[in-house]
Amino acid sequence: MTMERGSMASLDSTLRKGPPGTWRQPELPEVIAMLNFRLDPVKINAAAFLQHLTFKNDKVKSEVRRLKGIPSLVSLLDHPTKDVHHSACGALKNISFGRDQENKIAIKNCDGVPALVRLLRKTHDQDLTDTITGTLWNLSSHDSVKMEIVDHALHALADEVVVPHSGWERASHGGEESCKPRHLEWETALTNTAGCLRNVSSERSEARRKLRECTGLVDSLMYVVQSQINRKDVDNKLVENCVCLLRNLSYHVHREVPGCERYAETAPVNQGPVPANKGGCFGSRKGKAGKKDGDDGSGDVVDIPKRTTPAKGYELLYQPEVVRVYTSLLRESKNPSVLEAAAGAIQNLCAGRWTYGRYIRATVRLEKGLPMIAELLAHGNDRVVRAMSGALRNLSIDNRNCQLLGLHAVPHLVANLPGGQSQSGRTLSEETVVSVLSTLTEVLGNSVDAAKTLRTSQGIERLVLINKDGKRSEREVRGAGQVLQLVWAHKELRKPLEKDGWKKTDFMVNLSATNGPSTRANGTYEDSTMPLLDRGEKRDMIPLNDLGPEAYSTLDQRERRHTLDETTDTLPRGVYGGRKGSLPLLDSYDEKLIVCITQTGPSLPYHCY
């Protein structure tokens, strides 16, 4: 009580103007000066008031930075009094949210990340844990802060949040599966943490290596996703962040995990004889595929060696059993980000010439994943369509998959090409159209049956339209021309095509019709068309763009901004009056989701996004 009276007395001289009992709102420099006042109640109220002032106010946030308020707030994170460091952390959470990246850099430059980590390790308060992890999530959207978080906060986030609150440890030690999953109680902190790690996992290979090798992290993420699948609750932000993080950790896994050279395969990636039976594995996305004429895929035998010890840690990322997790998400989820991430994870795992890539491709087929992915090509979200197309392209490396996709997936791919009435008003991006064209190239291969399916699906019309439409980019024209060349290479199809009214010139790449930038230094091409090929001739793949020497492993640098609404009280009872209605705080993050598509041709690049 004495301190409260002292606090009030200390504020009187600053805030009272006029007759006793009247107050004025303090100016910002005064509030920041109060952060260093000797009495704790003044510090508490000053930090809480800053949290209130900075809510959805970018101008005030910048002013706090200019007036050197951020170092004072960071220093209060080590204050022994709970209310002091709680209010200071709440203010930093608001300041770290927004488009002004200088605020995030300022927090980093005064060692804000280590201070947040120290507070996280010593607190057992759930609300404070939510605030700390939310602040780290905000900070993780800036590239310059990502490795700072990996180096200083990763193990604390795993040890204090993800592992203990996911429920994985209890389940792995024989805990009851029927009891309420522990992660539901800590869902906000887990969501924030997964969002933070989701951001930093896109930074560089070193960041992904440290995340993969962090004890218990991958195990806990897998446990959370699987338990949410069991509960049929897969569309929330927690699942989205976990699956996107797993997707990023699967990127280049075949070349980045310890001992990866043991899994490398030098033989051609197209493996296994093409079976005589057609169809198989294709059925309804929501139901089980009907078994008829031995076409259910059960005749496939995948020679996957039995493990002598259970997989753990980063090994869980690429075990064939993980396919069931991703196909379950593709079947059950309505969240576009979850669908995109699940397909992206499959896409990553199928990339490269390695043993587990071969296992994954076959397991997806046996788990009826091919029809799910093919049907999701009709999704209304551009990024989902692109992810499904990329996954199918890598899956088609398997001969059996390629045959099935050639017979059943070609109409779904054609439906995403410009032209026709089946797109229902959808406008797909250039990247997505190019991805679809690349997948068509792989799926068609040398299969005359797939080419016939393309013809009956009105694919020729759409490809020729791209080829001759002056509004399409050079990459789209080259991609369409490659598919047309594959069709014309089948001599037995030429007469039927000519009966349909097509000419030989329709199947030649017309680069002069593009409006996209030229890849030639002099701005011109020596020839306006590419030569046609006969089946059996060596075909040089048409490069869809010039990505340089790193074409096999590029990261897209585009950023997407999302928000997560929270409800937090920003003002304590005290000097500035009673609580108003609780104010929602916003967490912002920029995500970079990584997908790697392999290639089989010598110069056709894949696209990472």
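For all residues, glycine too, the Cβ spot is worked out from N, Cα and C.
Automatic prediction, not curation, is the source of TrEMBL annotations.
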Region 'Disordered' according to TrEMBL, located in which of 1-23, 93-115, 461-483, 507-529: 1-23
Residues flagged as region 'Disordered' in TrEMBL, choosing from 275-305, 554-584: 275-305
Helix-strand-coil residue split for the repeat 'ARM' (368-401), DSSP-based: 27 helix, 0 strand, 7 coil
For the repeat 'ARM' (111-154), sequence-distant contacts whose Cβ falls under 8 Å of one of its Cβ atoms, 6 or more beyond its ends: 70, 74-75, 77-78, 82, 85-86, 89-90, 92-93, 96-97, 101, 104-105, 160-161, 186, 188-189, 192-193, 195-197, 199-200, 202-204, 206-207, 210-211, 214, 559, 564, 566, 568, 585, 587-590
Residue counts (helix, strand, coil, in that order) that DSSP gives for the repeat 'ARM' (111-154): 37 helix, 0 strand, 7 coil
DSSP residue counts for the repeat 'ARM' (68-105), split into helix, strand and coil: 27 helix, 0 strand, 11 coil
